[in-house]
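K.L.:
Take a look at this one; I'll ask things after.
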Amino acid sequence: MGGCHSYASTSGSVREADTSSKAEEFCDIIGYKLKNNNTRAAPSLEEKPYLMQDYVSERIAEIDVRTLTELPEGFDKAEWMASHTVAFFKHINLFSSALSEFCTSGTCPAAVGPGDVTYCWTDEQGKKVKCSAPLYTDFTMSYIQELLGDEEVFPTKVGSPFPKGFEFLLQRIFLYLFHALAHLYWAHFRDVVRLDMHPHLNTLFVHFITFCREFQLLESSDTGPLEDLISTLCQYHRT
Ligand SMILES: [Zn+2]
């Protein structure tokens with residue numbers, strides 16, 4: 001288990017029973033798909049509940065995220081990317097805040113993501129620092145917020161140019177936002193489900209990933225640990 005939270009059900013629980021039967025169902029599907037001597041092990045649904053069909057198929061509405069993401073004709077690309085960056089930051093920050101009572105230095109002493117990847121903050125001296133998940137979130141969100149408020153980086157006045165290296169900066173911002181989402185899926189998905197937020201989280205994540213792919217903002221090596229979720233979500237949400 002790579003989660004940093006104890007997920008033992010206290011309610012006895014219909015949800016646990018559902019989980020068990022769905023886990024069997026999912027393993028059947030995976031087993032079927034992996035015939036022909038493909039011996040890759042199916043993911044454990046205990047470890048990755050976000051892959052369960054009942055959850056992964058949920059979203060808030062039928063949305064054509066590809067059209068929503070593509071640069072419309074006549075729009076400035078940098079403006080388009082900047083406005084989406086602000087919107088993704090606000091939404092992801094909102095999710096992190098809504099789940100902050102579950103993500104403490106006690107429950108999450110390290111900022112872990114799928115596959116037990118640990119995200120480290122790089123301090124001003126360029127040194128990597130291991131920190132708790134809430135502290136990592138605080139560092140990264142504060143860093144992004146400061147950039148978004150910097151007129152030199154995200155100009156708001158008409159005709160002001162975006163800086164050189166703007167897209168490189170966006171890549172870093174989107175990497176931090178991806179880490180926040182990855183931590184929520186990996187460590188807090190059961191909390192997300194309890195709060196019935198998973199349709200929103202799935203919709204946001206699909207939109208986020210589609211946007212990153214459209215504008216090459218994330219490396220496949222960065223998204224690799226969540227590739228199983230990404231491909232399953234994209235299949236359900238037809239992106
Ligand atoms: Zn956490």
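From the backbone N, Cα and C atoms, a Cβ is placed for every residue, glycine too.
What TrEMBL lists as Zn(2+) binding site is C103, C108, H183, H188.
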K.L.:
Which number gives the other C-beta atoms within 10 angstroms of the C-beta of H188 (Zn(2+) binding site), all protein chains shown included?
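P.N.:
Taking every protein chain into account, the count is 26.
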K.L.:
Going by DSSP, is C108 (Zn(2+) binding site) sitting in a helix, a strand, or coil?
P.N.:
coil
